[in-house]
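Swiss-Prot lists H11 with the feature active site, tele-phosphohistidine intermediate. According to Swiss-Prot, the feature active site, proton donor/acceptor maps to E89, an assignment based on sequence analysis. Sequence annotations record features per position, and here Swiss-Prot assigns substrate binding site to 10-17, 23-24, R62, 89-92, K100, 116-117, 160-161. Under the heading site 'Transition state stabilizer', Swiss-Prot lists H159, citing sequence analysis as support.
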Amino acid sequence: MSDRLLVLVRHGQSDWNLKNLFTGWKDPDLTEQGVAEAKAAGQKLKTQGFVFDVAFTSALTRAQHTLDLMLTELGQTGLPTTRNLALNERDYGELSGLNKDDARKKWGEEQVLIWRRSYDVPPPGGESLKDTLARTLPYYVQEILPCVLRGERTLVAAHGNSLRALIMVLEKLTPEQILKRELGTGAPVVYRLNADATVASVVDLAG
């Protein structure tokens, strides 16, 4: 029986996470803490005996750097890796680069909360979580899932909202449930899938 392993990891803390800025498709790198989180994720996976056949990441530096650091810890720096903007973070449009407190002053706390926590209301010029799902899910179905179902042990390093989109489908969550799902930076979530692509087991390696 093939393993059908899929491990999802949110990138380590970025410079803009630290500064409380909306990041989206902007491209800051990891902080020192983010580097440490990524290395720790790789060490955790190695300690538990994980070996991978293929990796996927976004077109953004913070996710790519996280993946590179994990692969170094795993001793798998030559792993075949695909980078694609379909796995990018949700695009925050006009909010991108703004301090979250400044955004609240400009648009009001209630409106900013709606943009951040509603499923289908996008910020000006940006994406809702529903929009993010619309670009992330086809990529998962067409590119990532076939690898997993072939028994290729698959590692994905991406972003809070692009991973939420995948988790929503994997775990069959409602919009209300996925909006409450928090993903820690550098915390692997380990899925094993059945032959029909449903989830056989899920283990969160946070902490």
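Each Cβ is built from the backbone N, Cα and C atoms, and glycine gets one as well.
Locations of recorded Swiss-Prot features on the structure.
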residue	record	Cβ neighbours (10 Å)
R10	substrate binding site	29
H11	active site, tele-phosphohistidine intermediate	31
Q13	substrate binding site	22
W16	substrate binding site	20
G24	substrate binding site	22
E89	active site, proton donor/acceptor	26
R90	substrate binding site	27
K100	substrate binding site	13
H159	site 'Transition state stabilizer'	27
G160	substrate binding site	17
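Using CA atoms as reference points, the recorded positions H11, W16, R90, K100 were checked against H159 (site 'Transition state stabilizer'), and the closest is H11. Cα-Cα distance from R90 (substrate binding site) to H11 (active site, tele-phosphohistidine intermediate): 14 Å (rounded to the nearest whole number). A Cα-Cα distance of 13 Å separates W16 (substrate binding site) from E89 (active site, proton donor/acceptor). Ranking the recorded positions G24, E89, K100, G160 by the distance of their Cα atoms from the Cα of the residue listed as 'active site, tele-phosphohistidine intermediate' places G160 first.
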